[in-house]
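Per TrEMBL, the features are:
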TRANSMEM  114-132  transmembrane segment
TRANSMEM  144-164  transmembrane segment
TRANSMEM  176-196  transmembrane segment
TRANSMEM  208-231  transmembrane segment
TRANSMEM  243-260  transmembrane segment
TRANSMEM  266-284  transmembrane segment
Amino acid sequence: MTQEAVPGALRSAREGGARQFRAVLSGNHGCRERETGNLGRFKASLRENVLGSPKELMKLSVPSLVYAVQNNMAFLALSNLDAAVYQVTYQLKIPCTALCTVLMLNRTLSRLQWISVFMLCGGVVLVQWRPAQATGVVVEQNPLLGFGAIAVAVLCSGFAGVYFEKVLKSSDTSLWVRNIQMYLSGIVVTLVGVYLSDGAEIKEKGFFYGYTYYVWLVIFLASVGGLYTSVVVKYTDNIMKGFSAAAAIVLSTIASVMLFGLQITLTFALGTLLVCVSIYLYGLPRQDTTSIQQGEPTSKERVGGV
């Protein structure tokens, strides 16, 4: 890329970011006007879109169930694989998400974007890499079961994220209503799992036993993070969500260095460099990936289009 092209690329990236920011603001303002202008309007919207739309509720139960399967498969994989192996293989969810985006949403990614996706995958692996440490605890593991579980978790992660994005962008239903529809079914699924695993202890000590102020703070932060993740998916895409998550990993590690004295390693520095370069490269192509294309390109064009 020539020196003259770099300022133009940066300027177009800034303009695109400004447009997306204005879209987020206008979308949120529209949501407030339609559903949160007053309590009565909000209740009416819930009755219409949640209680009065069982078909839509069932549609959003799909990603909830898939996410539940993904989380359980991740735990199963971690219990049957070494932490380093799990960490490396689980990052395959990034290219898997990109592939699901291409196949399910009929989009195309340039070669440079594909390179940046795999570069991001490698960068996240290096940032999170920790040398294996020998312990006195011997745990019986089944690597075949672990790899099978990690494969299912990776596929679930890509499918559920892209499915939710497709539902969000296929109708004018509010982002907040879609979140409520999905989380209602998620609450049911997780409650069943909790009572199956810890039902006796819950009956004895109560459901909220052990909930300290720190636990409530973590729950609040996770909830806010989930809502803003939905905003990212609504106005950009799942691939960009992966890039933002990678940037968050880097920032949290830097915060750990400042707050807890974590030592920076060569692998972390190299991984940070790869993450930053991949984010820059992915944003260079002037291609709109914020809306679902209506055309149906061939599979060859979708996977390797320029």
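Think of each number as a place in line: the chain as shown, counted from 1.
Note that Cβ sites are derived from N, Cα and C of the backbone, with glycine treated the same way.
The transmembrane segment (243-260) shares more Cβ pairs under 8 Å with 114-132 than with any other stretch in the list 114-132, 144-164, 176-196, 208-231. Sequence-distant contacts of the transmembrane segment (144-164) (same chain, six or more residues past either end, CB-CB distance under 8 Å): 60, 62-63, 66-67, 69-70, 73-74, 76-81, 85-86, 89-90, 92-93, 96-97, 99-101, 104-105, 178, 182, 230, 233, 238, 241. For the transmembrane segment (266-284), the list of distant contacts is 1, 9, 13, 16, 112-113, 115-117, 119-120, 122-129, 239-240, 243, 246-247, 249-250, 253: same-chain residues at least six beyond its ends, Cβ to Cβ under 8 Å.
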